[in-house]
Structures are given as C-alpha cells and as structure tokens.
Amino acid sequence: MQRAAAASRATAWSTARHGAARVTASASFSGGGGIVAGAALPLRVRGGQLMSLPLLSGGRAVTARVAAAEAPLPADDADAAAGRERGALAETAQLGAMIVAWYLLNIYFNIYNKQVLQPLPFPYTITAFQLAFGSFVIFLMWALKLHPAPRISISQLAKIAPLAAGHMLGTVFTNMSLSKVAVSFTHTIKASEPFFTVLLSAFFLGETPSLLVLGSLVPIVGGVALASLTELSFNWIGFWSAMASNLLYQSRNVLSKKLLGGEEEALDDINLFSILTILSFLLSLPLMLFSEGVKFSPGYLRSTGLNLQELCVRAALAGFCFHGYQKLSYLILARVSPVTHSVANCVKRVVVIVASVLFFRTPISPVNALGTGVALGGVFLYSRLKRTKPKNA
C-alpha cells in the first residue's frame, strides 16, 4: 500500500506543468520504499506556474535538483499589465488636467465677473445671465447628444427645487459681495464654509462632529475675523453677502442628502447639476425683474457710456467660466473622495485669492495676509480631519 501511494504521488507530481524556477528538494525513503514520517514534498511557485520534482525512486535517500532558466511572464499577461499601467497614467493625467482647468476657469470667472460688476452692480441681473448661459449650454449638450437627457419625475423636481433656490440665492449673494468688496476678501470670508457645514449637518442630519473637527473651526473663524478687521475694502454689505452665500450653499449641500436620499442615483452628476442650473435660472427671472428690472437692454447700456461690445463679451466669458468650473467640480468629485475634493477646493481658493490680488493689484497688509493664511490653514486642517469623522448619514 505504501509503494502504491508513493507511486501515485510521483505520477501526479510528474504531470504538473514545468515553470521557470529552480527547486531543490530532499525526500528520505525507508527500506521498504515508504516515505519517512515528517519528510515533505516541496513545491515552489515562480512566474505564475507550479514546478514539481521528478520521480523519486530507488529505495534510498535521493536528492533531486531541477534547474530552469528564468522565463518572462506570458505575452498576454505582460501586455495586460502594461495596458493597465498606461490606463492608470492616462487617468491620473486626465484628472490633473481637469483640476488645472477647474482652477483656471475659477480664476477667469472671478476676474471677468468683477470687471462686469464694477460698472454694473446688479447681482440679480448678472446671476440670471450666468444661469441663462449655463442653461443654453446644457440644452445644446442634450440636443447634440453629447450627454443623454434625463428622465425626471415631478416628485424629483419638487425635491430638487429647494436646492435650486439655495443654489440661485447663493450665487446672487456671492455676486453681491463681489460687487462691494475685493475678490480676495470675498473668498477669504467664503473660507468659513466648514463652520456652516458643521452647524447645518448637526441641525438637519443629526451628525455630531468630533472634538478635532470642532477645533479646526477655531483658526477658520479667527482667521476670517482677523482678515476682516484689517481689510481695506471692508464693507458690511459685502461681508454679510458672502456669509449669506456660505449659509445658502451649505444648506443646499446638506439638504441634498436629506431630501434626495437615494433618489439622486436616478440622475448622474452631470444631469443633476444640469437640472439644478435650469431650475435656478427659472427661479432667478422673477427675482431679477422684481428687484432690478431689465438692466441688460441695449438702450440702458448705451446710456451708461460703457463699451457695449466689450461688456457683453466679458459677461459671456464670465457665464461660460461660471458654468464650466461648476460642472468640472461635479466631475472631479465623481472621480475622487470627498476629502480629496475638499483639499483641492481649499488649494483652489488660495490660487484664486493670490491671482486676484496680483491682477487687480489689491493692497493687502501683513496682518490681513496672516488672517487669510490662518483661515485657509484651518480649512485645510478641517478637510484632513473629515477623513476620521464618523459617517452618521
């Protein structure tokens, strides 16, 4: 029986596929041909293949060596690995290009928007124009079948409508702030968004922030306060408008979790943003007409003595950049984690502040710069600490 078992094992081992490896093994046999207790049949794996020992026989201790030259991976496996590596590099390069474009569009939006708002301080009209431009691009995208148009129910529209109202009003108050104070100061105030996120998440979603997250809000609030006290262009309307923008934008984000729940899965990120933009435009029209009337008529613009063609070109470019950077923000968020997106958004705010200071030659004191830096540092810390924040929603 022992000889039969040994012969059976040897036959099975000899039929195994030979791979590219070197295997050294020893097996001791007893005088009767049985395997001595404790002796092992070694097996190595190299290059993804099994390598077995040749048949051992003779009724005595045998030492076998099998030598084989190292062989490369099969051609199909090597090509697949190379393809995956090229694909990963291409995805990384594409993501990097999207982030750079996101930053550039944000910079140019703030520059063109400020250039339009300085001679025409009509935030409701400018907001309606920007949302109208975005809606036109969206319908063009659907008409050309660049992206499939969504199928949306009345119940979904009813749930998205409050979010659209928050989105529209947040944009109105941002434009109102930009028309009153420097671009750099508006974005310094808007760095306090995490404070409103924590407050609204606790109130509406029942999320309890950790002590570390609460601690990260201290430099944010302190930095914004320090920058506000030393801001040369300080204006109360500009300050409270930026604060109201923070409250409305973060209310939109928090309520989207509460109102939409799992139903947003029926809409992809692009179509959800598209519906949000179109509804925001429709809601902005009556507000614009009631608050400011029709300010973009050719007769009114000529009466101001402004260069009509130049003003319209800048307004159109601001609308294009506004829609472009917001859509890119959604697309980037779909590719990375929320924490990574928050950090990238923090860096984006730094880039916008620096670019606006350089372009508009905004005077800034050392204490003001310190306050801005402390606030942005707090935002970065908050973004990193969100990684450890428990998910209660």
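Heads up, the Cβ atoms here are built off N, Cα and C, so glycines get one too.
For reference, Swiss-Prot has these:
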- 1-65: transit peptide (TRANSIT)
- 89-109: transmembrane segment (TRANSMEM)
- 123-228: domain 'EamA' (DOMAIN)
- 124-144: transmembrane segment (TRANSMEM)
- 164-183: transmembrane segment (TRANSMEM)
- 195-217: transmembrane segment (TRANSMEM)
- 232-249: transmembrane segment (TRANSMEM)
- 270-290: transmembrane segment (TRANSMEM)
- 362-382: transmembrane segment (TRANSMEM)
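The stretch in closest packing with the transmembrane segment (195-217), judged by the count of Cβ pairs under 8 Å and taken from 89-109, 164-183, 362-382, is 362-382. Simply put, out of 89-109, 164-183, 232-249, 270-290, 270-290 has the most Cβ pairs sitting under 8 Å from the transmembrane segment (124-144).
Sequence-distant contacts of the transmembrane segment (164-183) (same chain, six or more residues past either end, CB-CB distance under 8 Å): 110-111, 113-114, 117-118, 121, 123-124, 126-127, 130-131, 189-190, 231-235, 237-239, 241-242, 244-245, 248-249, 251-252, 255, 275-277, 279-281, 283-284, 287, 352-353, 356, 360, 362. Outside the transmembrane segment (89-109), and at least 6 residues removed from its termini, the chain residues within Cβ reach (under 8 Å) are 317-318, 321-322, 324-325, 328-329, 331-332, 335-336, 344, 348, 351-352, 355-356. The domain 'EamA' (123-228) scores a mean pLDDT of 91 in the predicted structure.
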